[in-house]
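For reference, the structure is listed below as C-alpha cells.
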Amino acid sequence: MMRILIVEDEDKVRKLHAELLESEGYAVVSVSDAVQASEILLRKHFDIILLDINLPHVYGSVLFDLMQVFHKSIKVIVTSVYPVEEQREIMKDAAEYYDKAQGVDILLEKIKKVARSLMPLNTILIIEDEFKIRKLFSSQLEGLGYRTLEAEDGESGLELFDKERGIGLVILDIALSKKTGMKVYESIKRRTPPAKIIVSSVFPKDDQQSLIKEADDYFDKTEGVSILIEKVERILNVGRGN
C-alpha cells in the first residue's frame with residue numbers, strides 16, 4: 001500500500017486531504033509542521049509527501065532541502081496557495097506542484113501520476129505500426145506518469161521485450177509487419193507466461209478475441225484513447241493506493 005505523509009498547518013485542509021486519500025486506499029499520516037515531519041521520517045517510511053510551503057517554526061522549503069539529502073527516494077508534491085510557477089522557484093525538482101485554489105480532484109490526479117512513476121513495473125511497451133497512433137498512445141500514457149517504449153514492427157517489439165526490464169504491460173497491434181501480432185503474442189507468452197497484454201486493433205473485439213484468445217483485454221481503436229487508459233489502469237491496478 002502506498003504511504004503518504006501530509007505536512008500541512010491548516011487543520012481543515014489537512015483533514016480534508018487525509019480523508020480524501022484514505023478513501024482512495026492510501027495509508028496516510030498527517031502532521032502540522034516540518035519539525036514533526038522530520039521526526040516521523042526517522043521512524044517510518046513514506047512513498048509520497050504533500051508538503052506545504054508556509055509552515056510554522058520551519059518553512060517547508062527547509063524540510064525539502066533536507067529531504068533532498070537524507071530522504072531522496074521520497075517523492076514530494078508541493079502544496080501551496082502560491083501559483084505553481086512560484087512554487088517551482090521555491091522548491092526546484094519536486095515531483096509535482098499543487099495550487100490550493102485548484103480542486104481536490106486535481107490534487108488526486110497529481111498524486112496518482114506520482115504513484116504511477118513509483119510502480120515497480122511502470123513501463124508500457126507499445127507495439128504498433130502506425131506512427132500517429134503509436135505517438136498518441138505514448139504521449140497520453142507518459143502524461144499520466146508511465147514510461148513507454150515503442151516498436152513499429154513485431155520483430156523490434158520482441159527485441160525490446162527481451163532487452164528491457166520492468167515492462168508491466170504490452171499494447172499489441174495485430175496487423176504488424178515482419179512478425180504478426182499473433183506470433184508476437186505467442187512468443188511473449190512462451191518466454192514470460194505472466195506478461196500482461198492488451199490487444200489493440202481496428203477489428204471489433206470479438207474478431208480480435210477469435211485471433212488471440214487469452215489476452216488480458218482487447219481494445220478497438222475506434223473507441224478512443226480514454227477507453228484504452230481505463231483498461232491499462234485496471235490491469236495495472238492503479239489509483240487506489242495499491
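Just so you know, glycine gets a Cβ as well, placed from its N, Cα and C.
Annotations in TrEMBL come from automatic prediction, not curation.
Mean pLDDT across the domain 'Response regulatory' (3-115) comes to 93 in this model. Here TrEMBL flags 3-115 (among others) as domain 'Response regulatory'.
Residues or ranges marked as domain 'Response regulatory' in TrEMBL: 123-236 (among others).
The annotation 4-aspartylphosphate is assigned in TrEMBL to Asp52 (among others). For Asp52 (4-aspartylphosphate), the count of additional Cβ atoms within 10 Å of its Cβ stands at 24 [all protein chains shown].
With a cut-off of 8 Å between CB atoms and residues at least 6 apart in sequence, the same chain places Ile127, Glu128, Asp129, Glu130, Gly181, Ser200, Ser201 near Asp173 (4-aspartylphosphate), listed in sequence order. DSSP assigns Asp173 (4-aspartylphosphate) to a strand segment in the three-state reduction. For Asp173 (among others), the entry in TrEMBL reads 4-aspartylphosphate.
Under DSSP, the residues of the domain 'Response regulatory' (123-236) split into helix, strand and coil as follows: 56 helix, 26 strand, 32 coil. Sorting the domain 'Response regulatory' (3-115) by DSSP state (H, G, I as helix; E, B as strand; all else coil) yields 51 helix, 25 strand, 37 coil.
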